[in-house]
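Below you'll find the structure, written out as structure tokens, and then a few comments.
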């Protein structure tokens with residue numbers, strides 16, 4: 001198998017000058033050994049023989065496997081393209097369903113607003129008619145007062161009749177007051193109904209906001225899908241953490257759907273409350289009809305009383321002129337009452353027509369609500385299909401990446417075998433030369449280690465403590481990758497624009513797939529001064545003696561990388 005790049009989680013741009021020099025030198029030496037250029041070793045050296053046998057044993061891939069891998073990649077690519085087409089079709093269907101629902105809600109809102117305006121106009125006309133009738137009643141009261149003075153002068157009989165008339169008038173006043181109270185209650189109920197309609201509209205607005213947030217969440221999930229592909233190329237070790245982050249986004253989406261269902265329940269409760277108010281309004285209308293019947297009965301009693309009073313006035317010679325005037329005024333009032341009654345009937349017909357239109361509108365609204373529920377169920381089904389297709393797409397992408405990796409391994413194996421077959425005669429000299437160079441570099445690195453030990457004046461106990469501390473930090477670094485992924489999600493969600501600005505600057509590059517949070521259990525200021533001393537003593541890239549991969553070099557490089565990551569977090 002090909003050697004994994006154990007240092008790919010660090011960026012050379014974020015390391016210090018000396019540390020970057022060591023990393024670049026080690027990379028160059030490793031590449032030289034891998035390409036078998038300028039490499040030599042002893043023929044019978046055990047390390048050379050074991051390494052060559054391991055390469056020939058592990059990196060050999062047959063032509064049949066190579067052909068099968070190519071065919072498998074083509075099939076996966078075809079299946080991935082088909083899945084993408086299905087996803088696009090499902091998204092288009094969701095958009096069409098949403099547009100139809102929004103159009104229906106808009107039409108219903110326009111009809112409701114139009115009927116509300118007509119109802120307001122009818123209320124204004126009715127109020128004008130009521131005001132005219134009140135003025136007529138006031139004028140009639142004044143005339144009755146004059147007649148009372150005349151009747152008091154005529155006889156006690158007329159005074160008694162006038163008293164009866166006043167009692168009847170008081171009853172009419174009570175009925176009018178009751179009618180006004182009923183009308184005020186009706187207005188209050190209408191106002192409460194308007195508030196409920198407004199609350200219903202607010203709930204619909206909240207529902208639209210939740211749908212928009214759900215769409216944003218889906219878009220964020222798609223962005224995570226794209227980032228996941230890039231992160232799989234840059235850093236395979238963070239793939240599991242990114243999948244957890246995606247699952248968290250899916251959980252957020254499910255939470256949003258639960259909130260949406262809760263809003264639907266609130267909307268149903270509001271509809272039930274509105275129906276209850278409508279029942280109360282119908283009850284008030286029935287009470288209003290009863291009051292109108294009582295008012296009509298009092299009007300009939302009033303007519304009977306007027307007829308009796310007219311009979312008494314005919315018996316009184318002195319009150320004939322007053323009787324004529326009263327009859328004329330009474331006829332005028334009767335005409336006004338008839339006109340008012342006709343106007344009231346017309347207003348009642350208009351009000352009934354507006355109520356019928358309102359009932360039709362409510363029926364249409366209920367029908368549209370049912371259509372919205374059906375559309376919502378269809379949209380949920382499409383969303384489930386879309387999620388299933390995304391899961392299939394993830395599996396296909398993972399399998400495709402795996403096949404590509406196997407293909408790269410087989411390519412490297414085939415190229416290595418070809419180079420071994422073509423350069424088998426020159427391999428002995430190259431290996432000898434490479435081994436001599438490696439020995440010289442090993443000696444140089446040992447010399448460098450001695451110089452480091454002398455400059456830092458470390459005892460064997462201090463070196464052991466430093467090694468133990470490095471191992472503890474490395475272990476903590478690996479154990480806290482999950483927390484680092486969570487902080488990465490928070491940084492992406494809360495500081496997306498700031499992160500993009502920092503990524504654009506040359507001096508503040510962010511490694512793809514890595515968060516900027518410090519690792520738990522590490523101390524950023526610990527061993528800060530020794531790191532500076534190491535940086536001043538490390539060789540540069542252009543020096544003649546470059547170190548090779550030894551335990552000391554790996555320890556220095558890993559420690560410097562951990563310290564650099566912690567320092568970058570403090571600077572950010």
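Glycine is treated like the rest: Cβ placed from N, Cα and C.
The model shown is predicted, which means the values in this text are computed figures rather than measured ones.
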Transmembrane segment range according to TrEMBL, out of 529-547, 548-566: 548-566
Non-local residues, at least 6 beyond the ends, that sit with Cβ under 8 Å of the repeat 'C' (331-365): 108, 111-112, 115, 118-119, 122, 125-126, 129, 132-133, 136, 140, 299
Distal contacts, the repeat 'C' (366-400) - CB-CB under 8 A, six or more residues away: 73, 76-77, 79-80, 83-84, 86-87, 90-91, 93-94, 97-98, 100-101, 104-105, 108, 221, 225, 228-229, 232, 250
DSSP residue counts for the compositional bias 'Basic and acidic residues' (277-304), split into helix, strand and coil: 28 helix, 0 strand, 0 coil
